[in-house]
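Asks: Let me begin by handing over the structure; questions about it come next.
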Amino acid sequence: MMKDVTRVMRPAALALAVASSLTVSAVVAQQVQRIPLPQMEQVPTPAQVEKRAKSELQMVRKFDVTRFIVELDEPAAAVYKGGIAEFAATATAGKGDKIDLSSKAVQSYQQFLLGEQNEVLRGLQARVSNLSVKHHMTLTFNGMVVEVPGEVENQDELLAALSQVEGVKRVYPDEVYYASTPTSMDLINAPAVWSQLGGQAQAGRNIRVAIIDGGIDFDHPAFADNGHPAVARPAKPDYCDTVQPSFCNDKLIVARWYEPASGFEAHPDETMDPRDHNGHGTHVAGTAAGNPVTGNLNGAAVNVVGVAPGAHVMVYKALFSRPDGQGSGSSSQLIPALEDAVADGADVINNSWGGGPGGLPTQSPYATAFANARAAGVLTVTAAGNDGPGDRTVGCPGCIEDGLTVASSQHGRTFSASAQISGVGTVSYTPGAGNFAITSPISGNLALASTAGDVEACSAIPAGTFTNRIVLVSRGNCTFEEKAANVQAAGARAMIVYNNESGTITMSMPSATLPSVMITQTAGQAATSNWTASSTATISPTQISVDTDAEDAMSGFSSRGPNGDSTFLKPDIVAPGSAIFAAFPDNALGTLSGTSMASPHVAGAAALLLDGRGNLNADQLKSILMTSTDSGVRDTDQVTPASPFDRGAGRLNVEKAADTFVVVDKPSFASNACAINCSFSRIVTNTGNSSVSFTVAYNFDDPNMRAEADVTTFTLAPGASRSIDFEFDTRFTSTGWNFGEVLFNTSASSHPTMRMPVALLVENSDDDAILSVVQVGNEPIQAGVPFNVQTLVRLGTNSNPLDVKVTVPEAATLNRSALSFNELRSTATSRGARNNDKEIYWTGTQADEPNTTTMTTAAFSFAGQRLSDLLAEAPASACADGCDDDVFNLDISAVGSVTLAGQTYDSLAISANGIIGAGSNTAALTTSATNLDIPNEAGSNAFWAPFWSDLEMGPNVGGGQINYAALTVGSTDYLVVEYDDVRLYNNATGPSFTFSVWFKIGTDEVYFNYIDIPTTAISDLTIGAEAINDGRQVIGIERFYDGSGTYPSVGQLLRPILAYGEQAVLTIDAEMEVEFIAQAPDRVVQTSDDQAVTITLADELVAANQDLLTVANVAVGSETYTAFLPREVVVNGAITVQVVDQPSNGSVDVLENNNLVYTPNAGFDGVDTFTYEGVDEGGQKTSLGT
């Protein structure tokens, strides 16, 4: 399992052994000489990155049962549109409308699905006799949670077998998810909406908010029945029906819990019921829909309330506390919870939990569940995750397109408590938790407890010793209550305790009535050393303030986009999630931070919208909440504007959302392949009761991006819809991700401006490894100066001929005599220029040299030898204290470098799982517990895998460690990494494995040395190597993978050899030239009665830079690729207009603003002409204008 710890390898240097020959005895005879190198350091791995696929199944093996989720072929009831004889359609007619769970059609179809599931179950049990069902699901997911007793050694094999049963669509492993660990209500403008809904207590009335989390403190006043309307009990009995009726009331209307797999290691105080243990679920529920509660934060009275205090709360406990206090649950608990929440009539479901960063929705069973919940009219709101601020860190199920994914921002509200002490100044304090409150300043002379003979005030002090004084006391060997009682009996009016270690704590002193606070050890020692008889102190009450710089700044932990599937935008929206004060167990209030805290703000906001307009469906809610957001969110530096990958559409604004009634079917624009342009179509609908008109506008970070819709203004009557087509022109936009927003502006006070985020990955080629166009030298283009454009075509071996075309920019002229074709492994059948030299063409074939991918058996003197056999002293080592999934970085530049498929590397990424990455890309190995086949586009693409499996080592798992050393044998240097006596994950009593990798420094020679391994292969194992270089396809050699191939033997030495063959490349070099900096516009004007007329030119000539676009296309068979080069002619300074040919029948004067004034000769009647041009400060000219 993953560990969120940081270890540093022992500071031993790599060893340098000098030997006169390649024999073992010679090496041992010569004493090893070491050379200093940087320490090999572990790379911290995110706590939420869980073992995926096969490795997540290995986590489940620790339990007494192994669970799977089996999805069946037929659609779930929420999305069934008919087609099965005797069963009417159950999906709602309107997309996202609420499904009628009580209808005969729904109930009949669900019974049909249960029958189908039982039939499939018999097929499953025919293959696995001891398989049983834990949960049936028919509404949002047609499937079952099934389990098999004990451990399953080869789960891939079992998954494949179950998938073959007739009626089974897919089988998912039971993956593990984790909880995504003042008032923010004013910031999101919730109070304004409360007043529209009849007041705070009524806001959200009759709306059901489901919280899938870690349970709830059911008797907390935040969930008391404060006059909430009564509701019917759910059709399926819950905990309140079967065990404890008092757990529920008219506020908390449903409570369920989902048993973890047997063997789950829970916190000793965790309970197998819907009660909350660690506070996460209570806090989330309180933020979304908690009743108003008054509490104390650092001595300040604070009123705390949920976003929708009038809403009902439904609790589904599927997360349970582990011994470390973190909540976690598995898919076999969470998917049934989603199913039950929809079946129980939830309007909104909050999911403040998730898996590791960068998840793909196509690999998640939640994609089906979320889509079907949406089809049933239920909005899912999910935390984005706490793995930020790095890119691509959004976790699943927040990675799923359906529903809203919520990022976290800061609200800027701070609670500061300070004291002023003579000789020290102002210091912060933490108030004690006692029977007192500091509501006004407490001032007095400062006394030291030490003057009474006891610096810790643990002994009785004579009465009157400290009359009306504030006493400074050291933390020590008695309780805080005893200290307070002793100084209070001596007449003190307050007590300041200074800590005996760094920081401060909240002093537990429930019976104390003396106002008492704690300051840091440093502040206390300074106050003591600077004390005089005249010293004073003032303890000020806690102040609540707003840090406007922090307000609407992103939380550093908030996960960022792009999404694992970047064809759509995630996150969708941001809400306050840092330092949120809300309900906590034991009738308390507490502060937590995380996207877990941001998500319930949005869930509560959705409940408020439904209270006002109960007919809104899930898609409409999503649109309204996103398009009504506030812009102006900043990154964590509190200055840089946040991008849509940080904040989605923007920060939640409930007041604007309540006023928004026009909706968009997809309220964002995202594309991960926008070359030249990309198009979108959106449908907008008026769900309100009045017409509204909009003007389409755009706001982009790069001013060179342009967009156009097929309408610039439009009006929507109530109930009306219309389609709008958008095209984004990215030809002259900088490459990479580009951001902006589409705006629907309106002057109507009845509707806010709508904003939709834009995230486009702009590329100059469909695939620049195949086709690219560049300007050689990349110098600024000027009129009259030739420039060179180079087109590279690397399509490779293909049975069909290539057809290449390069379009010359309209404003440029091709120098045909300088046109050249360099053909490497490319054979032309025709080539040249045509169409008045506006098109370059080439037709022919290409053929790459084959790659080399082999693994040979090698002969080597050290085959089967350990480092300890070769070195007089122990080698450097890591993991002696234990490693599981740990990754280390080793800088080898002091020794030299190693080569893989032509690429040179001076560092290695060493994983505890028997795989060594080339270079410092350690992040790609953080999920290496899952071995993959080779070659594979997923994961790291440059590595050596001598024995890649889910391994662990250390004293608690039977021993083992990683050793490493650098050796010189004769005149040859080697780097050796040795896995010494390591074991399979969670198999301390099983076989051990010892093997090493020898790297010949300065070469591509690498040897896998098998020292002590079992004769029988393990099930999940990869042996091979993989490489990628210069954008070429991944290549690799695989000797063994999961039971297939040739398994090595003890003493065997294997050498993987990877080399790219020579690549076919067609290079087209074209010299071009632009004559003018711009095309001067022609004008036709009329005048009469000998009157002068002004000809306007200023606007055209101010922005005269002429755009140049070279476009290349290559087609082969049905494949086509496009690349382009956007450039512009550079204008030097201002342009001045000058007349070239004066008119025959009048005169032309140039004004200061570059406009022209034509004055006809007296009595002239007819047509007159003249020519002009523009000239910049460098002498470059425009074309002639007439």
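Glycine is no exception: its Cβ is also placed from the backbone N, Cα and C atoms.
Take a look at what TrEMBL says about it:
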type	residues	note
SIGNAL	1-26	signal peptide
DOMAIN	204-636	domain 'Peptidase S8/S53'
ACT_SITE	Asp213	active site, charge relay system
ACT_SITE	His280	active site, charge relay system
DOMAIN	444-526	domain 'PA'
ACT_SITE	Ser596	active site, charge relay system
Asks: Quick check for the class: what is the C-alpha distance, in angstrom and rounded, between His280 (active site, charge relay system) and Asp213 (active site, charge relay system)?
Replies: 7
Asks: Let me spell it out: for each of the active-site residues (Asp213, His280, Ser596), count the other Cβ atoms within 10 Å of that residue's Cβ, using every protein chain shown. Which one has the most?
Replies: Ser596
Asks: Take the C-alpha atoms of Ser596 (active site, charge relay system) and Asp213 (active site, charge relay system) and report the distance between them in angstrom, rounded.
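Replies: Approximately 10 Å lies between the Cα of Ser596 (active site, charge relay system) and that of Asp213 (active site, charge relay system).
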Asks: Mind looking up the mean pLDDT for the domain 'PA' (444-526) in the predicted model?
Replies: 93
